[in-house]
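**Q** I have a structure I would like to understand better, so I am pasting it below and will then ask my questions one at a time.
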Amino acid sequence: MFVLFLVLLAGMQVQACVNRVPECVPQCKDCGATGKCLTPNVCLCDKGYSNRRDRGHCEPECSESCLNGRCVAPDECECLAGHRFVNGSQTECQPICAEDCSNGRCLESGKCECYTGYQRNETLRKCLPICQDVCFHGDCVAPNECRCHRGYEPRLSVPWICDPVCSSGCPNGNCLDPEVCFCRTGYAHKENSLASGCEPVCNPSCVNGTCISPGHCSCDEGHVFAEGSRNVCVPSCRSGCENGFCSAPGRCDCHEGFEKSSPHRCTPICQTGCGRNSRCTAPDTCACEAGYVFVNGSTTECEPFCPKGCRYGICSSPGVCTCFEGYQALLPFYCIPNCPGPCIYGTCVAPNVCRCFNGHRPSPTLGTSVCQPICSQDCGHGHCIAPESCQCDEGYAKRWPHGSCEPHCPQKCVNSHCEGSGQCRCYEGYKMRPGSVSICDPVCSPACRNGTCVEPNSCACSAGYEDTKVPYECVPICRPRCENGRCSAPGQCECLPGHLATNSSEPNSCRPQCREQCINAECLAPEQCVCLPGYRFIPDSSTECEPVCSKGCRSGQVCIGPETCEGIGSLISPTAGRHPVLHWFMFLLAILLCLALVMTPLLVLRELQRRRRGGDKQRTHLIENPSYGVVQANGEEAANELGIGLGD
């Protein structure tokens, strides 16, 4: 409808122009070669063109938008400057990069942006694929895709690792490079070829055998290992080959100097023959029979042998001796000289010859066969019975084992020495014990006090006593030490005047005593009371103390303890000003009532205390407290004893 309207409108304008002279035509910006200007700045565009953006201008239309380009003709795109068509496309243009942008896309800035799975390598100036695991012996040709080098193949289940390939299989070795085997220890390449497999090596090489593993040979059939060898195999003769050698399996040949006595035995040959008690054991070699040895200088004659020798005799047969004349056999291999009579304190060293033992000499009167002991010191009152040993006469004895005989006392002389005739003399500093003739006791002057004399002028304290600076005096020991007293006997303290041990569990602790009771005070010295903190003595009293209130107490209150006031002054009604006389009367009455309630039990209890305890004085005393009755200062013992109840 719109087009028809435009056509009618154009026809009317043409008709109007025809009626006018000269004729007028509409003007448009650019309707193109195929378009028509219908009205001013309104074009009628041909097929493939459009004036949508500007009605007075016909522009070509492209069915697909030109990316990074412009439409220059119907369905014909032209890339912008610095761009080019993407491969296979006529509508999409991409920027042109100066560098290689394979595996990526070129940005408007002229830089190359790599695709996913690729990264830029500035050295090579291109996009390279990324492999998460490094390709060993291979190249990364696509994201997470490795291509093995020539001569390598991917490892099973680990495709990014390429292992070298050896066509031989590389038995007994490892394939390190393509067609390159590395043999294990004890193996070597076959025919010295690196590509071939590996075979075991035996060094030294196997003789008459095959190397089956490194250093292990296996003998060929009919062969066995030579004695002491594991690589040399020799022919085997199952029936043996004595004094010969097996030249082939089952064949025995004799050594030189031997002759065959049986198919599997060879015997030696001695050209000169063997003499008495010997036999041929090797070619031209004789050996003695058991129990015989060669005669000096001979290699064929043998004589009997006695392994322990024959002292004073000859070896007549193996291990048997025959004694010389004048000797007799003590053992089968030992002969001793024979003396007709016994050698006393001596030994027979040759036929009819005696030699005295050490410490003895031949008797000058009894002959050479009798020896006597020698004593270098004169035995005195005794005679020599052994070398350096005397036997004393009756009444004499030896002080030392090898000494001479001296006077002897039958009883032992203690701290004394024997003078003879059974009498002892005391050493210096000792005296004979009364009633004894052999025991001497040490003497201490002056005598030991509370101790025993153990050496001359040396005392040892008795049990429960200890030394002092005075050598002869010992004093008793008290543990713990006596407090306010002196130790009069072991473990017993004697209190000083005015003190007394009041606690049975502490017998060594003496406490000061006061005849009169200390009230609100402590007895710290005999007959001396000291007020407790916050108390002072009542005037004209040295035993009773009262509390101190330094700031005083208000009207109607009394000082019941150090800096403590209490009374009924605070309980007075606020209406006290109305009836002052009545209220003051009630206040005084209350004070008197309180004093009566407090003082009456106090006086009764003090009287009971005075009667029960008599004159016994304690260090711990009672404290009077008008508010709470009677309170103990230092413990609960006195309160329990007197039956005093504490205030609530």
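Cβ coordinates are placed from backbone N, Cα and C, and glycine is handled just like the others.
Just lifted these from TrEMBL, have a look:
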type	residues	note
DOMAIN	23-59	domain 'EGF-like'
DOMAIN	61-94	domain 'EGF-like'
DOMAIN	96-128	domain 'EGF-like'
DOMAIN	130-163	domain 'EGF-like'
DOMAIN	165-199	domain 'EGF-like'
DOMAIN	201-234	domain 'EGF-like'
DOMAIN	236-267	domain 'EGF-like'
DOMAIN	269-303	domain 'EGF-like'
DOMAIN	374-406	domain 'EGF-like'
DOMAIN	408-441	domain 'EGF-like'
DOMAIN	477-511	domain 'EGF-like'
DOMAIN	513-546	domain 'EGF-like'
SIGNAL	1-16	signal peptide
TRANSMEM	581-605	transmembrane segment
**Q** What does the DSSP secondary structure composition of the domain 'EGF-like' (269-303) look like, as residue counts for helix, strand and coil?
**A** 0 helix, 14 strand, 21 coil
**Q** Residue counts in helix (H, G, I), strand (E, B) and coil for the domain 'EGF-like' (408-441), per DSSP?
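**A** Split into helix, strand and coil, the domain 'EGF-like' (408-441) gives 0 helix, 16 strand, 18 coil.
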**Q** State the non-local partners of the domain 'EGF-like' (130-163) in its own chain: residues 6+ outside its ends, Cβ under 8 Å from one of its Cβ atoms.
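**A** The answer is 116-119, 175, 177-179.
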**Q** What same-chain residues lie close to the domain 'EGF-like' (165-199): Cβ under 8 Å, and 6 or more beyond its ends?
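**A** Contacts of the domain 'EGF-like' (165-199) (Cβ under 8 Å, skipping residues fewer than 6 from its ends): 150-153, 211, 213-215.
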**Q** So what's the mean pLDDT when you look at the domain 'EGF-like' (374-406)?
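**A** For the domain 'EGF-like' (374-406), the model's average pLDDT rounds to 80.
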**Q** Sort out the residues at least 6 away from either end of the domain 'EGF-like' (236-267), same chain, that have Cβ-Cβ distances under 8 Å to it, and list them.
**A** 221-224, 280, 282-284
